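Below you'll find the structure, written out as structure tokens, and then a few comments.
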């Protein structure tokens, strides 16, 4: 009787435990379903698309993540993912290994030396690296239910969304061409910015690039604890960038610039259309000079006098514009029809990319700031095909500057420095070359206000602008190169024991008959087989007989190429092997 009671008590306890666990599992399942429903409800209004959830979950749990990248190193790599996931709790991306997972390149531990790729276009910056954590797909059973992002995603970092130069150079231009690097991406993609900034002052410009609202990292938390992208591209093309900011060596143009004015102007045409200013015409009904007015720092102290003198010198209307008092669309409308743009050095000068061909950029530099050391806008203006004139003016008169040593350090203040360093900076006549970004002497000088010396400024402008400034009638701005010469032949003859002739002929490149070219020449290289040096010849005809230094019973290698207008060098035709 005693054993039976004990057995019954144990049985009741086990059944109660099983029932309790069953109830808890049902409650947990109901909670997960509720969370998923809520997550999907919050996701749908933002993303606007739906996905077959059971099918997507099955693909992810069985197949895992798939990655294929282009580019040889982390600085030029863009990766295409299927089923890449992101944990909002860990703030890390996840690669789930399943039966169909692919990881190309499969770098092993080299993926951390230093990263898989750069998320921004600022090359090899340690705050801009992208990587992921690896997990088996089976781990999904123990993780929060994934919320699937149905949109094609382009995932990247903005570098500094409050600075207009960085917005255009580092973000908008690269985004524009990355979206066009892969078919259909420009029409389908949603931009995901993962650097952690807020919207910033120019977020409306990012919205112009895609028909879908961009999302910030902070907004992802509202979508779910674990997000999985059905299709994502990660990284940005750096091919349109022209400037490096001085993190490793003092700032300056990139060593290998790959963008021309043609690509810049294709981008600005798109932007002006999206801003609804492309067909507005000249806003003032006449030619004018546009002066950027700054309202907080780096002021032009005699701005009214400058406007008057520019108007008198060039017999043109002068107007001012500022980022603070004008919408960006109005700024673009004014810049895109201006004959000349005058501004203190600063981010607003990146709007020069909207200037018409033939216009002039005049960049003003405060006292002790060498224009040759800070050239992002000069580099932009002088890109092949931009067809802009560029003038740099520097204040050389100490008395014409007003400094602000009492301001905070990030606005040029120096009172936090010791007295000796303050005295040195105050007496310095030129800021030495330096790295980015907190050099106190640079900040002190670049935030000065300036009284522009009008005569020296006019002299600087007149050295570049000989006549009346203004846009030129649009012309074909792309430099077209010759193709290979065709049907290259050689014929040799021996004149006795010591003399020989080598006759070489060819036909014009086939694309020449479709082009208008001012000057056509041909370059011929002759090299005796076995020698390390060659002899170049520049010719105007399509055949030539060489006699000087041509030896009997000798083999020569001959290369021929066409040159347009002295500087457009075509490819060499296949080498000719000629024996005398």
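A Cβ is built for glycine as well, from the same backbone N, Cα and C atoms used for every other residue.
Swiss-Prot has this to say about the protein:
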DOMAIN    488-580  domain 'Fibronectin type-III'
CARBOHYD  99  N-linked glycosylation site
CARBOHYD  276  N-linked glycosylation site
TOPO_DOM  1-4  topological domain 'Cytoplasmic'
TOPO_DOM  26-580  topological domain 'Lumenal'
Alpha-carbon spacing, residue 276 (N-linked glycosylation site) to residue 99 (N-linked glycosylation site), which is rounded to whole Å: 50
Which whole-number mean pLDDT does the model give the topological domain 'Cytoplasmic' (1-4)? 54
Among all protein chains shown, how many Cβ atoms are found within 10 Å of the Cβ of residue 276 (N-linked glycosylation site), not counting that one? 11
Show which residues of the chain containing residue 99 (N-linked glycosylation site), separated from it by at least 6 in sequence, have their CB under 8 Å from its CB. 62, 63, 64
